[in-house]
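Here's the structure we're looking at; comments come further down.
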Amino acid sequence: MSSTAIVHDDDLMEPTLQSIVNQKTLRWIFVGGKGGVGKTTTSCSLAIQLAKARKSVLLISTDPAHNLSDAFGQKFGKEARLVDGFTNLSAMEVDPNGSLQDLLANGEGQGDDPMAGLGVGNMMQDLAFSIPGVDEAMSFAEVLKQVKSLSYEVIVFDTAPTGHTLRFLQFPTVLEKALAKLSQLSSQFGPMLNSILGARGGLPGGQNLDELLQKMESLRETIGEVNTQFKNPDMTTFVCVCIAEFLSLYETERMIQELTSYQIDTHAIVVNQLLFPKQGSDCEQCNARRKMQKKYLEQIEELYEDFNVVRMPLLVEEVRGKEKLEKFSDMLINPYVPPN
């Protein structure tokens, strides 16, 4: 007899992110959308809710703008750091334009870290720079280093604007293919390259080509494992964030189609900055904007009838600091009810 719980459609389509918080198997949660729609506020708020239900949560920004520090009022860097006021929520900001030379630097004193020690000299650096999406590679490399050395129960990504996000998600597949090709070339031309490198003093750090390729193969296996997890809906999901306007809705639809093509699960949309004018309000601009928003909300509900669509109000103040983020995060779980 199966032990799988019976989940009713009403539960799946509730206008909250409660189902994501309750899904204990999730390890990777991406939050993304068009620029300026409230991705960082949403990802921080979701991480706060997850911290109530999980042993350890890591929030990672892969957006070059890095708004996590501003949101929490606390400086974060490329090393995971506990968020003030929490014992199980950490945050870090990965620089997607970080120095590729750091990744390709010599490997002295780096231990068994498969990410380290790719000291390959200028020739290999030029080769690495030719790989498509190399900026996103840096984010991914940094993430893998953290995930391998630290065990977090769930990881939330505050991603870059839409296009960058999708390239970042595609990168594991791209890098897998690139490293597989390098391994193939090594098996064909390895002895010849080793003799050339030997005559020139070898690779930085005293490595030979075989050692380098062993490290790259180890990296490829790690990336392959993570890529498999990304395509598993029990382990990975993507939360789309938008506002009720044409361009944002268009970007969301394009993003959902691409995520589907990458086999990445997405079943939740957060619609931010909604106006709820008081009945009898004589604010023409407010009423006109609300009318426009209602039109696009109806389209969202029609297009994504099998999604959890969360409606979030436009607030009077910026959502910054732990206290305001906690209040905002509560509305991701308990639907906002506008005053009469």
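We count from 1, first residue shown onward.
Here the Cβ of each residue, glycine as well, is placed from N, Cα and C on the backbone.
Database features, via Swiss-Prot:
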type	residues	note
ACT_SITE	Asp63	active site
BINDING	Lys34, Gly35, Gly36, Val37, Gly38, Lys39, Thr40, Thr41, Glu245, Asn272	ATP binding site
BINDING	Cys283, Cys286	Zn(2+) binding site
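Sequence features, as recorded in Swiss-Prot, placed on the structure.
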| residue | record | Cβ within 10 Å |
| --- | --- | --- |
| Lys34 | ATP binding site | 22 |
| Gly36 | ATP binding site | 11 |
| Gly38 | ATP binding site | 21 |
| Thr40 | ATP binding site | 24 |
| Asp63 | active site | 24 |
| Glu245 | ATP binding site | 16 |
| Cys283 | Zn(2+) binding site | 12 |
| Cys286 | Zn(2+) binding site | 15 |
Length of the line joining the Cα atoms of Thr40 (ATP binding site) and Cys283 (Zn(2+) binding site), in Å:
30
At the Cα level, what's the spacing in Å between Glu245 (ATP binding site) and Cys286 (Zn(2+) binding site), rounded?
15
For Cys286 (Zn(2+) binding site) and Gly38 (ATP binding site), determine the Cα separation and express it in whole Å.
20
Just report the maximum Cα pair distance in Å for the recorded ATP binders Lys34, Gly35, Gly36, Val37, Gly38, Lys39, Thr40, Thr41, Glu245, Asn272, no decimals.
19
